[in-house]
């Protein structure tokens with residue numbers, strides 16, 4: 001018998017009608033003989049409403065009470081789905097995180113899962129019941145309600161699949177899979193049948209926001225077969241697994257990820273002595289600013305230039321901090337550019353093939369696009385360019401690496 | 001140190017502003033040295049919204065899942081109040097029914113409290129924290145979420161006060177106490193400083209819907225001192241306690257309760273043989289119809305007449321059932337009148353005083369109001385009259401028994 005863990009996100013359960021539609025899908029899958037554990041998010045919008053209330057009541061809401069508050073969202077949807085399934089004659093049973101129980105550490109609002117009890121779930125599955133679990137939430141040793149942070153329902157699903165040794169963990173969302181790049185930018189972007197965990201990690205952290213990065217890490221670690229599918233249409237979606245399974249047919253490049261809300265900051269003429277990088281990034285990190293790309297080239301004489309990118313909204317804050325640091329460490333200058341975008345080629349295939357980078361740079365040169373920064377990892381080449389060239393660059397590279405669907409042709 | 005259990009109902013926590021106002025009240029009471037356990041309902045309207053959703057999803061929603069769903073309402077308000085108190089510098093901690101824990105039987109949607117654990121509450125109180133408990137909810141032995149039924153938050157409050165041996169259980173609501181009768185009908189109706197549990201039981205079941213009757217029974221059984229107060233204005237409210245404490249100054253009559261949405265049904269010529277009453281009320285009860293007053297007078301010859309009242313909405317259903325019964329048991333006739341109202345004089349004082357009934361009947365005779373039914377208990381005389389005379393009757397009796405506030409005069 002096949003055991004599936006299915007996760008439905010906030011847009012999939014956003015209304016009573018949609019909850020009924022999810023029930024139809026689940027009941028159909030149960031009817032053909034699958035054992036099913038269903039993980040749900042809160043109705044979309046609910047978590048934000050509750051957050052808004054909390055901030056109206058307390059300037060910096062207590063994390064413990066925030067978790068008590070936020071966990072009501074999934075508790076609402078699991079009960080409604082259980083009712084909808086029973087209405088269809090499909091026996092079902094809902095569990096809050098505390099009831100399962102999903103044991104976490106005590107880090108309220110960003111807890112990590114330590115263990116999940118199987119006992120009740122197994123018993124219900126053996127009795128032919130669909131088990132419905134509230135995503136995003138757990139309890140700590142003391143019985144306090146905890147939550148896993150944004151997107152935590154994906155993590156709940158993957159963790160359940162790992163513990164139960166499920167045949168597949170299916171993440172239902174509002175897109176029908178992982179694409180070679182954003183179809184809004186490149187018309188003939190193609191849905192990928194397979195990607196590896198590593199590729200997915202690079203893709204999701206780079207802006208292709210299909211899956212929560214943490215849940216992909218988790219799936220990778222415990223080797224949980226993942227699949228991303230649409231809640232709203234039929235289709236095979238995209239399978240995400242370990243490399244071995246599908247290496248034979250791996251293309252050089254799987255996709256192009258990009259993000260356009262970045263700012264680039266450089267500190268020039270940093271003395272070339274140990275500890276400088278820490279002196280720069282210590283205060284930035286302490287201010288809660290997330291740094292994305294960091295580039296430091298070989299220095300000239302006794303100084304180095306360090307460049308990094310941050311989210312555009314953090315530009316002013318980061319710039320101010322950097323000015324102060326520059327004064328302190330006697331750096332020469334600070335440069336800020338908040339009109340940049342980042343683009344990354346991702347593919348496990350590039351590991352064993354030279355020439356990917358040069359083809360990438362050649363393609364951009366042909367379009368007269370200047371490359372400002374370059375960083376690479378084993379399966380990824382990222383560049384930072386002027387923002388206005390982003391879409392042109394994505395389309396040109398998508399064509400150059402023949403990522404498109406051959407049935408329709410890109411207009412670019 | 002004084003230990004108070006305070007309960008705030010749905011209208012008292014209906015918005016963020018009102019939750020903040022409750023926090024102010026609680027913090028002030030804590031500041032003067034009281035130990036406080038606060039029980040909350042869901043925001044008014046929320047429970048009905050959730051019920052509506054459940055009925056959209058399932059024709060007869062699963063009781064287990066209904067409890068998972070409904071219990072989210074109080075979980076939301078307790079977290080928000082805890083935040084609001086901490087914002088005021090008043091340490092607080094929220095508990096769901098399961099976290100306390102409030103142990104109940106397994107009767108979902110109408111569970112009864114078996115026991116309440118004190119350990120965590122005592123520890124928090126000793127550490128100077130305000131303890132906030134979700135009303136209306138508990139868990140059974142198996143860890144399933146249960147709810148106590150409508151108005152269950154009052155029961156939670158009284159049960160907590162009993163277990164903790166609290167000095168007083170204060171029920172904050174949208175009225176400032178218990179009145180001699182409905183102030184909308186009698187202008188100089190007077191707030192009572194004290195009533196006994198027994199009077200309160202008669203009053204609340206008869207339409208003066210200030211307190212859930214079940215919570216009054218509970219308070220009576222465990223001798224918990226109760227007080228009803230307004231959430232919105234200052235004032236001493238009404239104290240509800242056992243008779244001994246205040247018997248000396250007990251008036252003959254405490255108040256006049258009434259209800260106007262009743263229907264009266266009679267079955268005439270019922271054979272005077274054993275088992276007839278059961279043959280009549282068995283099917284009525286099986287149909288889920290609640291019967292209020294039942295009157296059977298001494299029979300003439302070999303037959304009896306039985307009359308009873310039901311809620312007006314049940315008139316058609318009850319009438320149909322009664323017609324069938326009449327045929328079956330060969331009764332003579334069924335009469336239905338859905339234009340009746342019930343009025344009751346309540347007071348422990350009447351136990352020791354003759355003449356209350358006659359003064360009551362004389363007053364009504366003076367107003368030419370015909371009495372259709374009469375029933376009495378130790379501390380209550382109830383009559384059924386034609387509905388259109390109800391307000392006149394209430395005013396006349398309120399004056400006749402001098403229940404009014406002497407500062408303003410009744411217009412009746």
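Using the three backbone atoms N, Cα and C, a Cβ is placed for every residue, glycine included.
Please treat TrEMBL annotations as automatic predictions, because they have not gone through curation.
Taken straight from TrEMBL:
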BINDING   A:7, A:8, A:9, A:10, A:173, A:174, A:179, A:184, A:209, A:210  ATP binding site
BINDING   A:47, A:74  substrate binding site
DOMAIN    A:265-348  domain 'ACT'
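The structure, with features from TrEMBL marked on it.
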residue : record                 : contacts (Cβ under 8 Å, 6+ apart)
A:7     : ATP binding site       : A:38, A:39, A:40, A:41, A:135, A:153, A:154, A:156, A:157, A:169, A:170, A:171, A:172
A:9     : ATP binding site       : A:41, A:44, A:153, A:171, A:172, A:173, A:174, A:231
A:47    : substrate binding site : A:10, A:70, A:73
A:74    : substrate binding site : A:40, A:41, A:42, A:96, A:97, A:134, A:135, A:136, A:137, A:153
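Counting every protein chain shown, 23 other Cβ atoms lie within 10 Å of the Cβ of residue A:179 (ATP binding site).
As a summary of secondary structure, the domain 'ACT' (A:265-348) carries 30 helix, 37 strand, 17 coil according to DSSP. In the three-state DSSP classification, residue A:47 (substrate binding site) falls within a helix.
DSSP classifies residue A:9 (ATP binding site) as coil under the three-state reduction. Every protein chain shown contributes to the tally, and the Cβ of residue A:173 (ATP binding site) ends up with 22 other Cβ atoms within 10 Å.
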